[in-house]
């Protein structure tokens, strides 16, 4: 039985609950609901839960450190469970992908994402798997304000279907592996 640490990136607190930057938290909450793995235990500077799904042991983690310090929480969890970056799946928002699309990426840089920057610094490596949920770029205005703003009413309508599609992607990733999942899902419109 393989063990995977699945991390959803976001900011804690009700103020940020429906912001674009909390896409990782939203996916993890949906995964938690569908797998029955509750993410309520306070540990590793975050909220976590453990359970079995599709024959593997999953550790779900929502760092409660705010985005730019997420790496501390993830590093603590990896050390405690004696896991490596190869056992890590990180779900995060991505400005360079349109809303409604998702991409998988193995390794890479942080592309200006403060959560990924923190992870790479704390782990000493960016060689972890990323599930990149598209949020699109603002047509005009500040990127920081955009990622910290709520999804639009139109986006909120499609959000449940998008989150379910990403959970389906995670299920395939766990059962079928990266190459097959990438070929089926990369840049696929999930709405």
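Just so you know, glycine gets a Cβ as well, placed from its N, Cα and C.
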Next on the checklist: Using only what Swiss-Prot says about tRNA binding by 16, 66, 68, identify which of 43, 114 is listed for that site too.
Outcome noted: 114
Checklist outcome for this item: By a three-class reduction of DSSP, residue 66 (tRNA binding site) is assigned coil
Checklist outcome for this item: In three-state DSSP terms, residue 114 (tRNA binding site) is classed as helix
Next on the checklist: Using the CB centroid of 16, 66, 68, 114 as the tRNA site centre, which other residues of the same chain sit with their CB within 8 A?
Outcome noted: 11, 21, 65, 67, 69, 70, 115
